[in-house]
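Quick notes on the structure that follows.
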Amino acid sequence: MFHVKHVGPVEPAAGDPEVPPVAELGAAPESAAALFGPRLATAQRYAEVLGTAGVERGLLGPREVDRIWDRHILNSAAVAELLGRGDRIIDIGSGAGLPGIPLAIARPDLEVVLLEPLLRRSEFLTEVVDELGLAVEVVRGRAEERPVRDRFGERDAAVSRAVAALDKLTKWSMPLLRHDGRMLAIKGERAAEEVDRYRRVMTASGAADVRVVTCGANYLRPPATVVSARRAKPPHPKSARTGKAGTR
């Protein structure tokens, strides 16, 4: 059970090293009501947990609190535009639950698995899922591990946010997808440059129709930038070698 503390500026005591101030968690924007509908209260509770326990446990920087809605929750939920009804998705390197938890709240029809290699983060995710009452599975593991691939292969979509460069991310994502399933990686403003840099490796890993799309243009400034790639064929054995998964 999470206990929400007041989130506000913290002044260091005399003689203490300077600490970065904790920003204020703002109210949910109007667009959140449209995205989350009757589950807005669940999204608000998640925002509170991120702004308190998420900061205390080092999963979110203290200066990110006032940007939780736009930069983190809505940015993640916007990917729902690219998902079909009832899609089975896996969130690779879920960290604090982004983008998987906002997607699960906005789209209860989705089957969501949160994959996270670090114990403290997977424990946090389990607590959050229980607190919010979500039908979401939390798994501690890495995308490149054989047991993970055997159990969670054939997904409709593999989503991620700020996990790794596209060469590694594609190698981890493609084996978890069904034929024509899609990797949806939330990236920054240089996504197109990254695609150009790694396109050859992505193709060798079984990716096709690689493109950069935007989501949430009606309510996000800037909108979410997503690299979309379809699994066209099984990845070449050499391109799926085991490596260390990225962390946030």
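Quick reminder: no glycine exception, Cβ is built from N, Cα and C everywhere.
Residues or ranges marked as region 'Disordered' by Swiss-Prot: 1-23, 226-248. According to Swiss-Prot, the S-adenosyl-L-methionine binding site annotation covers Gly93, Leu98, Ala143, Glu144, Arg161, on the basis of sequence analysis. Per Swiss-Prot, the feature compositional bias 'Basic residues' maps to 230-248.
Mapped onto three states, the DSSP output places Arg161 (S-adenosyl-L-methionine binding site) in strand. Taking the binding-site residues Gly93, Leu98, Ala143, Glu144, Arg161 in turn and counting surrounding C-beta atoms within 10 angstroms, the largest count is reached at Leu98. For the S-adenosyl-L-methionine site, whose binding residues are given in the record as Gly93, Leu98, Ala143, Glu144, Arg161, the maximum C-alpha distance rounds to 20 Å.
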